[in-house]
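Input: a single structure, listed below in structure tokens.
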Amino acid sequence: MPTREIRHPLIRHKIGLMRRADISTKNFRELAQEVGALLTYEATNDLPLESYEIEGWAGAVQVEKIAGKKITVVPILRAGIGMLDGVLSLIPGAKVSAVGVARNEETLEAHTYLEKLAPEIDSRLALIIDPMLATGGSMVATIDLLKKAGCKDIRAMVLVAAPEGIKAVEQAHPDVTIFTASIDQRLNEHGYIIPGLGDAGDKIFGTKQKDA
């Protein structure tokens, strides 16, 4: 499925603010949550609806609800946690499945060190969240894990994506749609996205200098 770059004015504005070298941890964290919520709006726009009747202020009224689609949000630790509250603000009933994937900074290869999946995950829509899609290794490893657990409907939401990461995911899992706020230029020799956001995990958690 094609990657979708969501070019909504609010998203473009907020991503622009996130690129500032001098952004504070507080502002970066808040913006990550806000853009995460806006991407959720796009990633769930095809969920089926069903009608039902409630008692309104003037009597019975027909309203709609999402038709029995169970959802799990899958943050890739640790940076994915920075988008989680924004996503859950729109789908508060979703279960959270945590997946820990670490990248070897020399080889840039990913390995999974933690998986805590929601019950009945094989019948759920899985929304993977991770601020950066760089080499694609962490995303591919997470999708591999979810498919092994029986997931059939998987979508990925990232703040910024590199063409190299998109290509890796599309080659390994062409059935998974990627929703991103920005497709950036390239990866540098260290596997960082250019122009990118810097190290999103460090900026969300305030663990290193802002220009890391």
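First residue shown is number 1, and so on along the chain.
Any Cβ shown, glycine's included, is placed from N, Cα and C.
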Swiss-Prot has R78, D130, P131, M132, L133, A134, T135, G136, G137, S138, D199 binding 5-phospho-alpha-D-ribose 1-diphosphate. Which one of R20, R29, R103, R155 is in the same site?
R103
Rounded Cα-Cα span from A200 (uracil binding site) to M132 (5-phospho-alpha-D-ribose 1-diphosphate binding site), Å:
7
For A200 (uracil binding site), what is the secondary structure by DSSP, using just helix, strand and coil?
helix
Binding-site residues compared (D130, D199) - the one with the fewest other Cβ atoms within 10 Å:
D199
Listed binding-site residues are I193, G198, D199, A200; which of them have CA atoms within 10 A of the CA of A134 (5-phospho-alpha-D-ribose 1-diphosphate binding site)?
I193
Counting other CB atoms within 10 A of each CB, which of the binding-site residues G136, G198 comes out lowest?
G198
